[in-house]
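Engineer: Per Swiss-Prot, the features are:
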type	residues	note
BINDING	Lys26, Gly97, Arg125, Gln172, Arg328, Arg375, Lys400	phosphoenolpyruvate binding site
BINDING	Lys26, Ser27, Arg31, Ser170, Ser171, Gln172, Asp297, Asn320, Lys324	3-phosphoshikimate binding site
ACT_SITE	Asp297	active site, proton acceptor
Amino acid sequence: MRPQATLTVLPVERPLVGRVSPPGSKSITNRALLLAGLAKGTSRLTGALKSDDTRVMSEALRLMGVQVDEPDDSTFVVTSSGHWQAPQQALFLGNAGTATRFLTAALANFEGDFVVDGDEYMRKRPIGPLVDALQRMGVEVSAPSGCPPVAIKGKGGLEAGRIEIDGNLSSQYVSALLMAGACGKGPVEVALTGSEIGARGYLDLTLAAMRAFGAEVQAIGDAAWKVSATGYRATDFHIEPDASAATYLWAAQALTEGAIDLGVASNAFTQPDALASQIIASFPNMPAVIDGSQMQDAIPTLAVLAAFNRQPVRFVGIANLRVKECDRISALSNGLCAIAPGLAVEEGDDLIVTANPTLAGTTVDALIDTHSDHRIAMCFALAGLKIAGIRILDPDCVAKTYPGYWDALASLGVSVQR
């Protein structure tokens, strides 16, 4: 574990003005790394994120015989035979949910015994629904605790057929099945059940990446897809900036009435979390109810921004935040209440931020427990722009997805104390 250091963001007294280039998208980078590893040939991935989450994915591929070179700080060059070898050791994936779920399904397409494992936090994050789905497809896979570690006995390819999975659950399970399906022994149909489809935008990211790497995917109605067993073709692939990272900068601009140029328009993103830009633009008149189901990684940003809104905000459709890197609903509620008692309330799986714009300019004594969750650390830094005395525990956990976050704030004139 990282040492429990703290960091304090010092309030700013002027608008934040400058240019910051957000890092590449974590979601797209790990999809592209997986697909490049499954493809035969050499793929060049530009604009990529280099962080803890993408490092564990690239290292896992290397352990299985895939060559992954890094000629610069935003490029991966992936050369693969299209066949992975079972390593002698477990694939350790830290607390990277994308890498863990995506690899668990993909490994069913290869021969050998594999173990997918993670750190103490990943070992508390559910993977049972994906394991159950793979078992129904004939894969020999087990995760006795319902969380990693996961043992997979690969038999050379997913069997052709149809698999149903609850669309209310994590979109990462669905993406994992879709991406693995193209390397199976025959066509695979993935159908969603349930009353709602959570995080549909992330499925669109998956389908776009699959098609870019040569997969043939056909939509069957609104909630099912047929994936042909074509495999993947190596390709050059550019990765857009991370929309979740952009939300912190959009919010910093809104809070300080600044002008931060990200080098990309908010409507140019394909990632679903970019939807938050419209809500941030409405600050300090954010809506009374915000449905977070399609932009879950943006909710921490919006929740802290809502603390300074002119009216209370209820966040709905965010139940999956309880099984992210930590229980983000509770972490947000506890952190906001550390700043001001009663500033947030949990009602079931909803989060209500009561809002108090008069907090700006005050001084508090608040220690924010991030639970080593990068998004909790980054979002509460925003509160520090307006309120003195907010200390953030384990600030270096931002390395999971945005290693340069504190430097980015410094480049805009924000001072921090460690």
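Using N, Cα and C of the backbone, Cβ positions are placed for all residues, glycine too.
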Engineer: Cα-Cα separation of Gly97 (phosphoenolpyruvate binding site) and Lys324 (3-phosphoshikimate binding site), in Å?
Structural biologist: 8
Engineer: Rounded to whole angstrom, what's the largest C-alpha distance between any two of Lys26, Gly97, Arg125, Gln172, Arg328, Arg375, Lys400, listed as binding phosphoenolpyruvate?
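Structural biologist: Taking every pair among Lys26, Gly97, Arg125, Gln172, Arg328, Arg375, Lys400, the longest Cα gap is 19 Å.
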Engineer: State the count of C-beta atoms found within 10 angstroms of the C-beta of Lys26 (phosphoenolpyruvate binding site), not counting that atom itself.
Structural biologist: 28
Engineer: Please give me the CB contact count at 10 A for Arg31 (3-phosphoshikimate binding site), counting all chains in the structure.
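Structural biologist: Summing over all protein chains shown, Arg31 (3-phosphoshikimate binding site) has 26 other Cβ atoms within 10 Å.
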Engineer: Can you give me the same-chain residues 6 or more apart in sequence from Arg125 (phosphoenolpyruvate binding site) with a CB-CB distance under 8 Å?
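Structural biologist: Non-local contacts for Arg125 (phosphoenolpyruvate binding site): Asn95, Gly97, Thr100, Gly118, Cys147, Pro148, Val323, Lys324, Glu325.
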Engineer: Which one of the binding-site residues (Lys324, Arg375, Lys400) has its C-beta surrounded by the most other C-beta atoms within 10 angstroms?
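Structural biologist: The most densely surrounded of these binding-site residues is Arg375.
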Engineer: Quick one: Cα separation, Lys400 (phosphoenolpyruvate binding site) versus Ser171 (3-phosphoshikimate binding site), in Å?
Structural biologist: 20
Engineer: Let me know how many other Cβ atoms fall within 10 Å of the Cβ of Asp297 (3-phosphoshikimate binding site).
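Structural biologist: Taking every protein chain into account, the count is 25.
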Engineer: Can you name the binding-site residues among Lys26, Gln172, Arg375 whose CA is within 10 A of the CA of Asp297 (3-phosphoshikimate binding site)?
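Structural biologist: Candidates kept after distance check: Arg375.
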Engineer: Take the C-alpha atoms of Gln172 (phosphoenolpyruvate binding site) and Arg31 (3-phosphoshikimate binding site) and report the distance between them in angstrom, rounded.
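Structural biologist: Checking the Cα atoms of Gln172 (phosphoenolpyruvate binding site) and Arg31 (3-phosphoshikimate binding site) gives a distance of 10 Å.
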Engineer: Given Ser171 (3-phosphoshikimate binding site) and Arg328 (phosphoenolpyruvate binding site), what distance in Å do their CA atoms have, once rounded to a whole number?
Structural biologist: 17
